[in-house]
Amino acid sequence: MDQKARIKIDGVIVCEGKTDQAKLQQIFDVDVITTNGSALKKETINLIKKISEKQTVILLLDPDQQGKKIRSKLEQHLTNYYNCYVDMNARLKNAKKAGIAEMETSALIAALNNRVAITKNANQSILWDQYLSLKLNDKKKRLLLCNNLNLPYFNHKQLFKKLNLLNLTFQDVWKHLK
């Protein structure tokens, strides 16, 4: 894509490395901060936290175990941000890795179009008893719900936490299960 055809994104995207940054800036007109992979420094976390107080922060990390660890670490420090998830199977045909730099352009555009707003508050939007009544201990139901919400698959307890981070109520979750 040439400079004129890049898609404008408001906010700042957080990704893992320089090759991810280069790929994202080929496609999008956006500011990017890199975590330098698992070498995530306290200074970088503080920078991202400060930026999140003034503008939109979008976490677009690799869909591998390392990306999940980095996302989890950042989530501990942020209160308002967006999560983007890319399907690991959306990588380029000859790619050996499954990082953002190796993803199909269409998958990255879709991930940003389906970004999920996260706002942490002290109150739970769905209670554990309500969650249990939805029978989400069934893996098929969790997969259905995650697909309908454009989220990656989460285990039982992780999904409960994510639903609260998304501020989804019992009624919201019920609608997405139909």
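Glycine is no exception: its Cβ is also placed from the backbone N, Cα and C atoms.
Annotation source Swiss-Prot lists domain 'Toprim' at 10-94. Residues or ranges marked as Mg(2+) 1 binding site by Swiss-Prot on the basis of sequence analysis: Glu16, Asp62. Under the heading Mg(2+) 2 binding site, Swiss-Prot lists Asp62, Asp64, citing sequence analysis as support.
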**Asked** Given Asp64 (Mg(2+) 2 binding site) and Glu16 (Mg(2+) 1 binding site), what distance in Å do their CA atoms have, once rounded to a whole number?
**Response** 11
**Request:** Sort the residues of the domain 'Toprim' (10-94) into helix, strand and coil with DSSP and give the three counts.
**Result:** 37 helix, 23 strand, 25 coil
**Message:** Return the residues near Asp62 (Mg(2+) 1 binding site) by Cβ distance under 8 Å, restricted to its own chain and a separation of at least 6 in sequence.
**Reply:** Glu16, Asp20, Ala98, Gly99, Ile100
